[in-house]
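Here's the structure, in structure tokens; my notes come after.
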């Protein structure tokens, strides 16, 4: 058995994107847009097939009417709350909205039932349309690769990402959530890929093979400087930095039919094991403010880790609560003491016994993210003021041409994106008008604020995610079994929004703190670390444990009282912390002897 792993290498921040790479990103973007167009046309044709059946068409008419009623009532409720400056409004109006949503839900189910009746009859027509979609997608390969310059591995990567997005959207629709594919403009970001082909029985594509300048894959991917991981662990940090600075050579499509390569100055932080079988690599280019960043992701197959069979059982329950030190995102408990590193004890809190505690996202991260939001707010206000100035100037003067056409004040009044005004500032920079100086002064300041905003946000989120990875590493190094609850943060958030009576500003502040803490990210890091290190992971249903008192076993009612902490148990009358009770029950269920 083997496991897939991805090693990421950062590309030097001063590296300039070559024109051949920019062209490949542009082709990959156009391919993705064509795939979206084909999929949207397929969805429309599939809907037309269902609508051709009278019963389904009638159900769709009913659903459309119910949806229109629900939207209209939602707007009335929204307006009533604005006028009342409170969540508490007419009970009759809110009941009408609930009834409208219930009718819409029933109408959607009626359509699904009508489709189920004619599903077999429409099978041939659906299959024919699916075959046509597959043929259209296949034809794009000839357009972009055989007759164009896009590298075939990049084509496969874009197509795989597209199919993954289609499956995700189908799953969201099946759960009743609105979702659809959208077109995007090209901003210079994207992904290109290479794949290392190997015939059955051929030697593995090991790091040593890729480090060989005369190796089999030298014209696809060459990663020099490989160091055995055991030797790497014995090197100092300075030695690792120096040894890890290598230049990767990677295939990058073609220009007029001629193969092209690019050189990537990367920093390696860890090396793959000697027996790893490297299957390919992706160069991911992202845009941070107005600057491009790149990273190289190398994918490989490695042998499975030996499963862990000894160690304490650790239970982890997600949530979010405000504390003096930050936002508590989880409660944990172990059946044996855990050794928490000194540097993490302010984040992974532990009691005197060393068997339980909470995980807290430091308040400094919240303050840093709040600062970036304040910068974004300042930029938005400055943009509004600039828009008014440009509109006023255009109303009183004859405007210079913009993109070979006169620019109207009514057009600029509709602009919302800062990029539009930045483009206008560049276009009118040297025309000698008063408005050009105003535009350029705004652009010069906004560019700096945008960089501060995005870099500050990126660093704060990176700090949070790194803390989560460190916590996951601490648990995986010591635990023999990990229990994680299946609490859905999104569902809890939506439920809280529906029932809250707090002012909108207060609720938005709570939502921002929850989003900044991202409890789900901690669970993802823990599960990934356990899977990598061979530690068994069990997902525990949170449905009953959240309301059960661990001391007396009483299951309390599911009402709003139990959103606060602590609460009083209706069974024994004692006050208790429901989060600590939850992890206690998780451990008790895991260690209880199974019935024969």
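Placed from the backbone N, Cα and C atoms, the Cβ positions cover glycine too.
Predicted, not measured: the structure shown is a model, and the values here were computed from it.
When Swiss-Prot is compared with the stretches 55-83, 142-170, the one noted as coiled coil is 55-83. Residues 91-117 are the range that Swiss-Prot records as coiled coil, among 91-117, 172-198. DSSP gives residue 579 (Mg(2+) binding site) a helix state. For the pair residue 579 (Mg(2+) binding site) and residue 549 (Zn(2+) binding site), the Cα-Cα distance reads 10 Å. Taking the binding-site residues 317, 549 in turn, the residue surrounded by the fewest other Cβ atoms inside 10 Å of its Cβ turns out to be 549. Note: the Zn(2+) site is recorded as 549, 552, 569, 572; in the same chain, 551, 553, 554, 570, 571, 573, 574, 576 also have Cβ atoms within 8 Å of that site's Cβ centroid. The region 'Recognition domain (REC2)' (54-121) and the region 'RuvC-I' (314-541) are in contact, since at least 3 Cβ pairs between them lie under 8 Å (pairs 6 or more apart in sequence).
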